[in-house]
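Here's the structure we're looking at; comments come further down.
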Amino acid sequence: MDKGLHFTICVVTAVLVLRESSQAGEEKDPEVLAAPKSDSRGAGEGLPTLTVTTILEDPYVMVRGAELEGYCMDLLGALAGMLRFQYRVKVVGDGQYGAVAAGGNWSGMIGEILRREADIAVAPLTITSAREEVVSFTTPFLQTGIGILLRKDTASQDMSFFHFLSPFSKETWTALLFAYLLTCFCLFLVARLSPCEWNEPKNEENHFTFLNSLWFGAGALALQGATPRPQALSVRVIAVVWWLFTLALLATYIANFTALLSSGSEQLPIQTFEDLVKQRNLEFGTLEGSSTFYYFKNSKNPIHQMIYEYMEKRREHVLVKTYQEAVQRVMDSNYAFIGESISQDLAAARHCNLIRAPELIGARGFGIATTQASPWTKPLSIAVLKLRESGDLDYLRNKWWESSCLHQSRDHWGPLEPPALGGLFLTLGIGLALGILAALAELSSSSRRAAAQAKKSCCSVFTEEICTRLRIKGTSRQSQETSGKANA
């Protein structure tokens, strides 16, 4: 009995000792963490688990049902697969990116990393010198800048008096005027040369005078019939080619003019930040406590200083809390939002009545933030570079920045230059040449018949006919005198 009791006590003592040593070993190894039961992703047992802080912003991180999705979630999943770690995602408590408070403490995601509440921050977090002093950043996974987001109707100005000329460039309008005058002159010339159009030049009046030819060409431009009507084949060839030319020209003009009216890109009076400061119709601001706000605060540029002073004096009215609030305010009121250009491009792609001004300043990048002594900084940077080299980052950009404004197929509208209509002008030139050749052939055939009847030289009759039709009196008289001397 004593032996049995002694054996039981030894077994219990051994089990307790083994259990305490196992728990002590787990406390000494901080990387071996139990996999979380909720809000965790990644596969595999025994892998390290990282706590990831992020912020809700479309399209980086969005809530869909009970799951989080977006660009940053896809990026985090790809990094976890490459570096073999599990992760637990938490949304930042104060909804801030990270800024220094009055007491010197950091807010937002930067503050959570400094307080060891999170291991890394995967979000549209801008890399700045102030943040780099307290945390470490990886290689940027997205490049961006600071731009101005506007609503088209608030940013547009009255059209100029000659706005209808905008679809074509000045060079194109000059080329069209030259083509019109050349075609009308060819009509006038061919109608005089062709005996089928003007049979009796000495007795019959020619209906295709130069003024009538101009009227005929203008009627075709307006898609209206105009007299006189061509009868000769040569004149009809030129008329048909000019009609085809005007049809294609009018179709191009209408399409380009419609694109101009719908895009409104040529009507933006606010092209730069200097234009934004000078105007008085729009309020402008940025995200409170964001890197954009501190960029203007620290800038030595006079224009940037004026923007900062304006936002600082009216911070209760012009600074917004979230990106979604900024976009909604731009859509609902006379407000211009200053922020990350890549996010503004998304807003313009989702909302077709928004547009981003052309100027960009403060080139910067989004990076993954870690603690300064974190062993994950370099592996994450290398993984981001590999994703960029393989094209995965470009794929994610195209996936989450897909535009819903299908009617705006052109990013930058501009007037059509002459090379864009080169084929059309070439076709017109070939048609004019064919019409002149046909008129000369008709006149040559008529001259041969007249020469056979009068028993004269075909060349002399052809020359005399041309001089008569073109009213070249001196040359005609000289030809007659030469013919009289030959008969004598």
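The backbone N, Cα and C atoms fix where each Cβ goes, and this holds for glycine too.
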Notebook entry, point to check: Which is it, of 27-46, 267-286, that TrEMBL names as region 'Disordered'?
Noted result: 27-46
Notebook entry, point to check: What is the one among the recorded positions Ile270, Cys352 whose Cβ has the most other Cβ atoms less than or equal to 10 Å away?
Noted result: Ile270
Checklist line | Counts of helix, strand and coil residues, the domain 'Ionotropic glutamate receptor L-glutamate and glycine-binding' (59-115), according to DSSP | finding: 20 helix, 15 strand, 22 coil
Checklist line | Between Ile270 (site 'Crucial to convey clamshell closure to channel opening') and Cys352 (disulfide bond): CA-CA distance (Å) | finding: 18
